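Visitor: Mind having a look at this structure? Questions to follow.
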Amino acid sequence: MSVPHMREASSSSSLQLCRVMRPDDANIMGNVHGGIILKMIEEAGGIVGTRHCNTLNGDRCWVALVRVEKTEFLFPVFIGEVVHVSAEISYTSKHSLEVQVKVVAENILTGMKKLANKAALWYVPCSLQNADKILEVPPIKYADAEQEEEGRKRYEAQKIERQGTKARLEEAIPPPPNPEEAPKERHTVGFSQSSLIHLVGPSDCTIDDYVYGGVTMKLMDEVAGIVAARHCNTNIVTASVDAINFHRKIKKGCVVTVTGRLTFVSNKSMEIEVLVDAASLVDKEKGRYRAVSAFFTFISLDKDNKPLTVPPLKIEGEDEQRRSDEGKARYVQNKAKRLADKERRQ
């Protein structure tokens, strides 16, 4: 039996959650879905952020997720392992806060532990009386001036990057073709493109009737996984997620359409663009809008969880070529960053 557990830290700025991974958390090969881990990461971040922002007298609030920095899935997590998620507030600006999250997977039979994930999430506090009103964040104490300055630099960098994504907000993405009209040629973008339509219910939402960021990320990972599996027809797992930007809030009663398409394929990885659009079932005048966007990277595994070669992507048309070139540039940049980080650790 899986029993969720929370150990409350001595400060409102940190928290730890843990629970056993169950069969319904994983794919048929026993690998826990990346979306499950992302959902747990956001749950921990949301709790510690909301708790911290309600330490002062005044309006009560909940924290809304606005961005998740690039997240590496360092090791796969399996059924039966205990996942420990620790979250700590690492920086506060006037109206936002950064939460650093670590995920450790424990094999309780052998006692072995592994760092499975690390993530940095940015939240803003929204008033319970008026969801569009952003409240001030109580400041935290830093160990020294250098720690505060490093946090400020991260804050400025993510702010610039979030603003840079606005040009793509309304980019149209065609719906995937009906099965009868789907491209017959494998390994094309159209062959693997997939969509998921979800009606937002009460269980998906905060106490203020807005969707949890973790719920959205789980849906995004599911769609990206379907795209990757259709392209490879093998066991696939999430390797990393580029920055996830939450552009607009999604309210209870909305219908969300989560669409994924391949953008770039390297020798052993696949980049999948995932876009989330939302539309109210009640208020038709508001129309459909872009709510979230991100790039997911998946890898293909053999029966021993070793990476397999990925079939190359067949590019059709100028738009697909442009997206592929942009994806290749991100791939080269991320690879160079990983190598630089590895050299610094040695």
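Note: Cβ is positioned from N, Cα and C throughout, glycine not excepted.
Just so it is clear, the model here is predicted, and its values are computed rather than measured.
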Visitor: So which range, 147-186, 307-346, gets flagged region 'Disordered' in TrEMBL?
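Guide: Based on what TrEMBL states, region 'Disordered' spans 307-346.
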Visitor: If I take the alpha carbons of Asp221 (active site) and Asn27 (active site), what is the distance between them in whole Å?
Guide: 12
Visitor: Which has the fewest other Cβ atoms within 10 Å: Asn27, Asp221, the active-site residues listed?
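Guide: Candidates: the active-site residues Asn27, Asp221. Fewest Cβ atoms within 10 Å: Asn27.
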Visitor: Taking helix as H, G and I and strand as E and B in DSSP, count the residues of the compositional bias 'Basic and acidic residues' (320-329) in helix, strand and coil.
Guide: 10 helix, 0 strand, 0 coil
